[in-house]
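Single-structure report; data block below.
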Amino acid sequence: MSCEFTPNNCTSCSSDQFRVLNLSSKTCNCQSGYLEIDGICQQCHQSCSTCSQSINNCAACDQFRYLKNNKCICNEGMYESIQDKQCKLCNKTCLTCTYTSDYCLTCSIDNHRIFKSGNICECEQGYFENPITQNCLECDKSCLTCSLQFDNCLSCDSSFKLSLVNNKCLCSQSYYFDSSTKQCLQCNITCLECNNNIQCILCRGTTRHFDSDTKKCICNQGYYETNEQNCQQCHFSCETCENTNNHCLSCLDIYNRILTNNQCLCKDGYYEVGFELCQKCNNICKTCLSTSTNCLSCYDIEQFRFLLGDKCFCNPGYFESGSDICLKCSNQCKTCQGQDDYCTSCDIDSKRVDQSIIHKCPCIVGFYEDQNKICQKCHIKCQTCINQSGQCLSCKVFLNSNRNNLSDLCNCKQGYYDDGTQIQCQKCNFKCQTCENEENNCLVCQNSIRVNPPSCNCMDGYYEDEQQICQICASQCHTCILQESNCLICREGRIGKDCRCFDGYFEFGSLLCEKCAFQCASCDSSQQNCKTCKGDRIQEPQCICQPGYFDDLLNENCQKCNSFCLECNIDGCLSCNANRILNEEMDCIPPPNSVWYDHTPWCSTCQIAVVKTYLSDDISKIIIRFDFPLNPKGFYSQIQINKCLQLFELETTKSFGNNAVCYLNPDDFQELFITLGENSSINVGDEILFQSNSLSHINCGTTLQKFFFTTLQMPINPIPPQIQYNVPPHLLNPYAENLVHVNQISNNGNRKLKNILWSYEAEDNEKRETLNQFLDQNNLIQDYNLFIPKFTLPPNSLIKFKIQYQNFIHIKSFSEFTLLTHSGEYPQININLKPYYFVFEQISVSLSVGTLNQSNLQDNSRYQIQIFEKDRQPKKTTSSHINISIQSNPFETIFTNISKYTLSPNTTYTFQVNSTNLMTSKSQIQQFKIHIPFAGLTCKFNNREIQSIRQDLNLQIKCKDLDTRYDWNNDPDLYIQVSCKDLSLNNTCKNQQKQTIHVNATDFIQFIKKNSMSTFIVQEWTVNVTKFSQSSKFNLIIVYLEDNFPSLELEYNQGYYMRKVNNFEQLNFTFLIPLTQKRYLLDLSIAIIYNYEIIEILQPQYTSHNFKIFNSIKELNFGDTINLKFSAQYTNNIMPSLNNIKLNINQPPICSKLFIIRSNDLALTNIQVATICEQSNDFPYKYQLRLFLRESDLTEFQKENQIIPYQNQFQIQIPTSIDQSIVGILVSVLDNGGSMSHIFDKVTVKPAKLDCSQIQFQNLTLQNKISLLFESMNQKCDQLHYLIYLDLHYQQIFPNTNENTLKFQAIKLYKQFLYQLPSNQSQNRLLSEETQIKCFDLKSNHLFITSNSTYTVVNLTKKIENLQQENDKLDIALIYFSEMKRKCLEELNVNQFMWNEEIFQKYQTSQDGLLTLLYYIDDIYSDFSKVNTKNETIYKNIVKLLKDINLILEEIQNVVIVNQSPLVLKGKEIFFYIKRRTKQQFNQQFNIESTQEDYLVDFVQSDSIQLRTNPNRFTLELEKNLQKEFNDQTLKIYNQDYYLIQLKNYLKNRFISLENFIAIYSTTFESYQVCSNNIQNQQEYEIKCMLKTMSGNFSLCNLIKIQNNDTIDIRCECNKFGEIFIITSSNFSKVILNNSDQQMFDLVFGTTNLLAIIIFSSILTLTFMTIYILFLLKDCSNKQESLNTEEIIPNTSKSNIDKKRLLYEGCFKVFIANVKLIHQSLSIFYYQDKYINLSYRILEIFSQFNLLLTLTIVECYVFNNSIIFIILFIIANPFIILILRILYKIIKAIYRFKRIAAFISQLLLILLLVIPNLVLFIFQLFNISVKSEQYEVAIIFLGSLLFSQIFVEPLIILVRIIIYRLIAPSIDQKELNPYIHLIHFFIMHSSLEDIFDNFTRI
């Protein structure tokens, strides 16, 4: 920079040149880190501190680096960052790393890490990573591997007999943990589970049970101990036994035996008959012998009988009553007969008179008959009496008896009593005024001083002296005895025998004691003279307080100075606490206008809030009470956000649970309510954290800054939790699944109850192992509900269940209920319905009835079922009118439907089902309820919340009651109240001139004139709608802007605003874009807004868009409302078109994590899976388990890679993962509203130990068989998994829909996984093995093939038979899934406003099943891939398979979404592809210029079916036609590759197929090797592309050859759609039309043009029909004339016969004379039939002509006719028609009955007349080609017609005349010969009848 004296003597250096001054050398050297090169300081490499020679040759290194080979390397444990080249620390998991911190090169052994693929360092087995420190810590010794915590095991060491249960390694079954050896040791052989080798806790087998006293597994009743695993069974007669089976200890009651000397003998009343069951004696025999009536003893006590001979008779005094027990005679009788009072003798010793002669025994005089018919003595006072001893009929009269007369019932006079023994009455004691029975038993006392009869002693305060006079006691006595001072009880305030004063009182000479002064505990003489002090006071007798305390003369002890004071004396405070103020009186007083408390120095002011925070009694909400009313303005906002988030800290808000609500008590603004949401976590003792400045008191200018006493306290009067259950009132079937679910849970604080403990008591006090295990499982998973499996409940039992629980504040409670079971003999009724329905949905209740019992025998009974309405509440509602009676087969599903709008809202209906087994007459009754809630009132607005000030506001309000059929605003009972509020001014709405806007409060239309509002005004329009007791409120906020946002019209299901939408519901919205705007459409969007936050913006690619809420929002924690904002942007308008929709979401169930219990981690072992969900109004839930065999599928949740069994709780077997990852288990919980929750977990599964050759799978369950299928595929047991697949493949359709779903899902997955395996990918290309024997020559453009066929020779007959069988099976499955889909669509469409997730999943299952059938077809077709022969049967079956593919395509095509991924299916032989695109995208792909008409097309669908082998190779006819057309006999159909391409436009809800295409598309065929120069022994072919259109025409497509190195790719370019395949020729002298590959040609062959035949047959039929109608009208008009003619003709004939002589001149002469009258055609012109109309005859002839034409058409379609065949048909056809004339004869006979019969006959002939047209229509419909030329049809028809009328008809007439001549005499003589009459019926003719009738009269 500067120098001195010399140029090199530097004094300063230039910093710009990166130099510094060397003071010693006075030179400017390069700065550290720079190197001088060519006089310039250049910076060393970034890694170098200094460098030499070159900038990359480091001499020293920076921090964190070391020098190695002149390079600065990062220290070990660090890596060089790619971005800034700095050394940075490796992740703690790595020892060394590179590129990034977690891309490890080596791992730390000290940190127990090992290197894994992917350059990661994982913890060693037995260690887990601490997520905070990232250190590998040792797992618990019981864990093989663990995660997150040392005891959170992932797997266990099975060699130590450990099993994984809830992430803990516990000893496996039948093992226990020995603490001394730290090992799992085997239990005693009798134990299933144990604590040690002598104490069992669970028993094995069915012969033992657990004894809680001895802790041992002892033998069950009926078994005896043999010291083996299972006990041995006792003899059948023993209930229990020991040592041997017949050494009985007790006997079985069911066999009616009793124990005697260790033998079970028959009980009394039973007798031996030679087998185990003792037979009962006759009911009157106590014991009997040999027979039931041979009595040995009688029931002398029980039945009052005695033995006489071998019979039992009634004891004396008893009589036979027709029952087993002898009845006692009435006490009137000594003996009786027939009835108890029909006396046959009397007992005179019983005071009775013997009148047995009249069968009576009355009492003697002085006695009466009591209720027991016993004669009792009358009272001494009565001469005679009745009914009672004292009810006299006459009195005993004696002098001085002191008695009254009979009117007073002969009773004693006052002052006397009756002793019951003497006639004279005795005098009462002097104390008594009256007495009874005894002289001292007073009824009324003598005077008022004596009280309390019957004793009548002196009253309190008096005593009785020696003269028995009452005297007064001393003053201190309350009561006394003998003398006045002898106190028994003291007066109040006194105590002791002398009745002295209490402590704290002193004697003052009065009745009552005087009280001492307050500070005295006791005193004497005066109040202030203390003997002892009270409390902590000191210094008697003054009793003063200690220093620091003061006496408030109120409390026992002296009081401490006030807590408000920091300092105080006895007079008051010296200084104050908190925000209190010290006044002149030395008091710490509250600030002005505040509220203060004794327990805290803090006072409530405008800045300070002292609150009371406690739970409500039912713990459903938190109550926070303030001292002043809160300002309500803070709770009302135009933006409705969750208020809790504004008031409290986020952590506190989350603890309130999902969708907690914070609001002011509307009745008291001093209380803030917090309604707890679902899954809340707050507990008593937690502090509630307020946000500062979030609240304010009314009339305060500042907000609250501090809150005190916010800790949550217990409720004031907590109410215990309570669970109410829906308990079935009917008898339950223990052999069926049963459900007892919660009806209501109260006082639980909206969260799960804890410490669930189930127990039960059986009526017989026996323990049931199965039931115990079930309840143990329920206790483990803490389930409220009982999903009771089959065979769990005992039969014929009464079982009392008890569940104990407690809520989160530890208040305990319990619930009990009782279940009754039968033994399976009663019908089992299964009812399927939802708990509630809306009025506007159709209700469908399905039920089935059958018998389930232990025998499991097939139920062949019929059942009578009656369903009727039992009750409804309230009564004044519409009846359902359900009363159905029907018979059904066992478990046949019966549907009962109730139409929409039939039931009344807000009503609960009770229905009863009566079912009777018609075979056993056993009946069962079951009831179910349906609740119909209010659907509610709803209103909507036409405004989209944005209004231009330049346009009029026409606000239209539409309201309706969703429970009625009334249209919008048409309900006469609906009333509205409209108001408008300006939110900007917080006042009523005003215009620019500040004038109040006129609002018509009851009008559905509101109007504001344009240009009257200012911009940015925000109005809130409120509509209050009411109907009777219902009311609802709806708001619309309108923002006024200068610009206008056009309205966007949408089409969607109206049910979205009528009900809550489900989180997994497939929502479908269609943007209704005007046709004029479609060309300008730029973009569509749907914004999903929740809690005023945009969650996601969807970008629909098509105007119709489907989506699910769950895909965007996983949890709904802050309310149920979601807003959808729809937008359409056009290129011709800067403002988008908008629309807003508000949806209410049905909250899904809240469920716990999965409980997964398994004994080990090997595949194919049983795993138990369960989950528990919180109760809701949509309970009970339905459960699905989905198994994902790849981890990626669980993440993506793709339906095509899952197996779905449907159960409630699951026990499954799982295979290992397909891609060696983990297996996903997901349980979906579906509530009755349709929302779903997913709970999933991942498990690691190790391969099972399979012996591929020895496994027998035939008897496995379907689910286990499928698990084995995938496990064997994973373990490459190829033969095994193929056999299992075939077993599934050949199984018929199951009756259970879920099993079919599981089966076809498994087949589809199997095929997909199988084709993805690397070992199978090469095999999928059929031609790979032939590439070496085919090549393409570039010089000649010919194909060279070594051999024409490499196909295997097979048994073709057997193969064809199998093909037809497979086709039949395919038809069954196709019909099943098509019908299943149709029914699902019907059910979904019936309730179009509702969403049924279960039906929708079933619908998707049907589509998946149809898609799986394509794999089925692929298997069938693949079986013929190696067959190359001409066979029409094979071809027809293959053509049917192609038609089935098209049918399946039509069924499943709607799963393809426009402009999104296509539907692709790749099989072994078939490749299937469907794609939908808008016409605009389609045009862009093929460079087609768009037209206006293109916007009419909704979308374009392209279908492609590719077969790797050509199905046309099986048909000879097509090949011959091609050979004929091209005049080339060497032309062949190439056996490889086939395409079927279709293109369809979709518009106006229908498809239009296209055949021609204005562009060109290409299809890729086979690739061939380029031929080498050495071509020998190969056949040479010319190849061309052939296309067969859908209409049957043929075209040649361009053949394109593309060379890729040493291969040639063959492609066909076509401009038509249809079938595309390759043809070959070896005749190179023939040129196929034009050898140029750039032209296309139409070859019209293969199908003959049928137009001429169709036109001819139609004209002919129309002509015949016209002639018939004309003659029919003529016959009707001439009917009367014809009748008159009939009356004249017989008279004329008769006269002619009389006048003319007739001679029979022979049959031939008759033939010549009458042929014109009998000939089929000629007779029309000479018609004389009296009974058959001419019109009918014409119709008959014409229909025969058309029948002849029909025969000709069929023959030409079936046969390729030669001259011989033509002649044969001309001759044969008339005779066929002649045979068919038998049918015509029958029809004519019917016609003769006239009226309806005549009409039916003519209708049949008309059908025969049009039959050729019907046949041609069918041929056209099924595309059946004609094999003959058109002229051949004409030749055969006309030839047959002429031959029939010229030759056949005359011959038949002659034969008829001859036969008629032979049978005429028999007919005339009316002989009863059936054969003659049958012949006469068929040859009879009206003309012959007349001719032979005349001749026979000669």
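Along the chain as shown, residues are numbered 1 onward.
In case you wondered, yes, glycine gets a Cβ from its N, Cα and C as well.
Keep in mind it's a predicted model, so treat the numbers as computed, not measured.
Looking only at the domain 'EGF-like' (2-42), the predicted model's pLDDT averages out at 78. Summarising the annotation, TrEMBL assigns domain 'EGF-like' to 2-42 (among others).
The domain 'EGF-like' annotation in TrEMBL covers 50-88 (among others). Across the domain 'EGF-like' (50-88), the DSSP tally of helix, strand and coil residues reads 0 helix, 19 strand, 20 coil.
Taken from TrEMBL, the feature domain 'EGF-like' covers 96-137 (among others). Long-range neighbours of the domain 'EGF-like' (96-137) within the same chain, counting only residues 6 or more positions beyond its ends whose Cβ lies under 8 Å from a Cβ of the stretch, are 76-77, 79-80, 82, 88-90, 143-150, 152.
The annotation domain 'EGF-like' is assigned in TrEMBL to 193-232 (among others).
With a threshold of 8 Å between CB atoms, the same-chain residues lying at least 6 positions outside the domain 'EGF-like' (240-279) that come near it are 221-222, 224-225, 232-234, 285-292, 297. What TrEMBL lists as domain 'EGF-like' is 240-279 (among others).
The domain 'EGF-like' annotation in TrEMBL covers 287-327 (among others).
If you look up TrEMBL, you'll see 377-426 (among others) marked as domain 'EGF-like'.
The domain 'EGF-like' feature in TrEMBL is assigned to 434-471 (among others). Beyond the domain 'EGF-like' (434-471), the same-chain residues lying 6 or more positions past its ends with a Cβ under 8 Å from any Cβ of the stretch are 414-415, 417-420, 426-428, 477-484, 486, 489.
Sequence annotations record features per position, and here TrEMBL assigns domain 'EGF-like' to 472-500 (among others). Outside the domain 'EGF-like' (472-500), and at least 6 residues removed from its termini, the chain residues within Cβ reach (under 8 Å) are 460-463, 507, 511-513.
According to TrEMBL, the feature domain 'EGF-like' maps to 522-559 (among others).
Counting same-chain residues at least six beyond the ends of the transmembrane segment (1650-1673), those with a Cβ under 8 angstroms from any Cβ of the stretch are 1733-1735, 1738-1739, 1742-1743, 1745-1746, 1749, 1753, 1806, 1809-1810, 1812-1813, 1816, 1819-1820, 1826, 1830, 1833. The transmembrane segment annotation in TrEMBL covers 1650-1673 (among others).
What TrEMBL records for 1738-1757 (among others) is transmembrane segment.
Residues 1740, 1744, 1747-1748, 1751-1752, 1755, 1832, 1835-1836, 1839-1840, 1843-1844, 1847-1848, 1852, 1882 of the same chain sit 6 or more residues outside the transmembrane segment (1763-1784) yet have a Cβ under 8 Å from a Cβ within it. The transmembrane segment annotation in TrEMBL covers 1763-1784 (among others).
Outside the transmembrane segment (1796-1822), and at least 6 residues removed from its termini, the chain residues within Cβ reach (under 8 Å) are 1650, 1653-1654, 1657-1658, 1661, 1664-1665, 1736, 1739-1740, 1742-1743, 1746-1747, 1749-1750, 1753-1754, 1757, 1787-1788, 1790. If you look up TrEMBL, you'll see 1796-1822 (among others) marked as transmembrane segment.
What TrEMBL lists as transmembrane segment is 1834-1859 (among others).
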Helix, strand and coil counts within the domain 'EGF-like' (240-279) (DSSP): 3 helix, 17 strand, 20 coil
For the domain 'EGF-like' (522-559), residues assigned helix / strand / coil by DSSP: 0 helix, 11 strand, 27 coil
Secondary structure composition of the domain 'EGF-like' (472-500) [DSSP: H/G/I, E/B, coil]: 0 helix, 17 strand, 12 coil
Residue counts (helix, strand, coil, in that order) that DSSP gives for the domain 'EGF-like' (287-327): 0 helix, 17 strand, 24 coil
